[in-house]
Every structure is written in C-alpha cells, then in structure tokens.
C-alpha cells in the first residue's frame, strides 16, 4: 500500500509533464520529445537483459550472496549500456532519418547519457522492494518522479527549447544513479569489500537470458505499433497517435506495486510447493486489481473526449477513438501470468509466448491499419497482447494445477462489473451539464468514483480486510483531533 501511495504521489507531479510541454513546444518538437523517450525506453528495456529482474528470484532464496548477485547485475548492465550508447552515437544520423526527425541528431549525447544512467539507477526500485523497505520505497518513488518533473519542466518553462528539456532528462538520470550508489553503499556496507566473485553467475545468466529474450520481444510487441505508425505516417499523424496511446501512469503504478510484492511471496510459496497458498494469492491478486481496473476502464472510455480535449487541447481530438481502444488493454494487463511463471522460472515459456504474440502483432498491425487507419494499429496491439495473455494463463494454470476456468475469480468480477455499471448509470448523464472539458472530466470522474466507492463498500465488493486497510489508511492520513475523539 505504501509503495502504491508513493508512486501515486509521484504521478501527480509527473502528470504535468505532457500537459505543460504540449503548450510550450511546437508540435514538431513535441513529436520529437515523444520519439526521444520512445527510443530511450525501448533501448533501456532491451538492455535490461533480465539480470535485474532475476534479483527477485535469487536474493530471496540466497540472501548470503545478495551483494554478489547485485554486482554481477551492475557489471552486465553497465557493459551493455556503454556499448549501446556508443552504437547510438555512431548511428545517430541514420536513426534521425529513419524517424523523420533531424533534431534527434543534436539530442543524441543526452539520449546516450540518459540510457546509461537510467538503466543503472532503476536498479534501486527493484532492491528496495526485495529488501521489503516499503517506507523508503514510497519516498523513493514519489521523490524520483518529483525530480523528473522538475528536471523536464523547468528548462521547458525557462527556454521552451527541446534541447534543454533533453539535458534535463540526462540530469534526472544522473540523480537517480547517485541515489542508487548511495543506497547500495549503505545497505550492503561490509558485504562489498570482497569485490566481485562470479559465484552463481552462470545460474543467474541461465535464468536471465531467456527472460531477457522475452523482455526484448515484449518490448517489441508494445512498441512495434508506434514505430510502424511513426515510419508510415507523417509526424503530425504520429503526434495524434502518440496522444491516443497515452499510458495511464496510475494503472502502471497499481499493477507494478501489487505484482512486485506478490512475486516475492509467490516465489516463496512455490519454492516449498505450497500450491494452496499460491492459488489463494493469485486469486486475491486478480481480485484486488479488478476492483480498481474495471471501473477505471469504464470511466476512461466514457470520458475520453473531455480528457483528450482538456489535457492535450482540441487540436488532438482525433486521438479520442485511438485512446478508447488503447485503454481496453488495461483489462488484459490485469491478468499478470508472469507472477506465477517467473516464480517457477518459466522464462523459456515466457519467451515462447512473446514470440507468438509478436508474430500476431506484426501480422495484425499492418493489415488493420490499411483497413482502419491508425486505429487499426491500436487494435493490432490489443490482438497481440490478448494472444500472449491467453498462452500465459494456460501455462500458469498448469503450474498451479487448476483448470483454466478457476484462474479467474468470476463472482468477484461479476460483482465489480455490476457495481461499475450502476455507478456509471447514475453519474454519466450529468456530463452534459458541463461545457469545459476538464471540468466535465474531473467533476463527473470524481462523482463516479464516489458512487462506485459507496456501491463497493455496501455491495460486498470490498472484503473486510480491504475495508479495514482503507480505514487504517484514512486514519493515518487524516487523524481525528484528540478533542473530537473525547
């Protein structure tokens, strides 16, 4: 809960980044900004060859060698990052020409620095979760996103120049890396003096590389549609498509926080063949996610137009149907089969599932785009993700030794869906009362969540434990004065 709260606070600050930049930069510069982070995010994901994620597996089962596994991870990450940065510099003109963005050539030094430092600095987010430092993790996530927002927005406000925005990105990555170095020196003090010993390195690589291959394919799956649109259509069309494919950061925060905590526990349960506890954990994970995800998807779909118009201006209204398609992917993400597969070291199967999903995406995106325009690219992505999730759920059911139908808490999802429909039916008609798009979005959205919370509280959607957790959190955030308690 604390980790999710920390990331949520960070989101509130970082949400301002595209809202401000789209009003300060030209459309061409904003498109280049999106390309900058598309390239950076893709390369960071590719270079994370699974050694960082492998720490979730190796440290809990062999804490005596925790420092050594970390040093091995740093060695691999640093080597690959430096090599990639050098290649990016040599190929900078080709990359810029491929993406129809000459300005990227000028930004390459900042892009290379960001990739190196972000890859290493991001290790800290894994480590605080593995070491179960929830309070520090919450502070880290909120503080990191706050620094990122300041580093990107301050130069934009002062100069309205993308060059300095890119420089701010490099500064942010430098700060994250410094935080990682300081934490490691504090947490592993006394355990780093012996230096790097390649003990267990072969096992770590054996675990990581198939997962890395799957990660590469996973990244290709989730970025192929963007690169396809960027290279086939004009920059203006790509800008609209990129807005339509805006990721909802609170959803990522929610999924990631629950998944990372659940993965550690799932690994512990399956290590001792406690399948009953593993099944219970899986169903609780899906149920908790569904409680938030289903109503979120519904309200985002209903209020997509005022959200796009209010945040990105009326110039990007054509992104509305794309956004409505894209948010449907959140429903698929809710079924996180990797929680089971990674806990059982099923990295080869993850690789296989990603191969099939990417193949489906590569086939569907061009075909649907030719038929439906850029909306088809988003639908092609949905098709690929659906393929991957279906394969993963089938395999996870085998690992937990249950039928596929028992992998989904049908009754809980039915109650949540009914509660969502009731809240939407009560609130949505009031949207016509507001002309200002952001006012319509926030007022109707807040009313919907209030109505849904009431339905969830009294309609057997929330469990007793969840109600108690909400009550404790509310008391800690808003303590009742002693005079009133008396």
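Cβ coordinates come from backbone N, Cα and C, glycine included.
The feature transmembrane segment, as given by TrEMBL for the ranges 111-129, 187-205, sits at 111-129. Simply put, out of 37-58, 280-304, 316-335, 280-304 has the most Cβ pairs sitting under 8 Å from the transmembrane segment (412-432). The listed stretches are 37-58, 163-186, 280-304; of these, 280-304 has the most Cβ pairs under 8 Å to the transmembrane segment (438-459).
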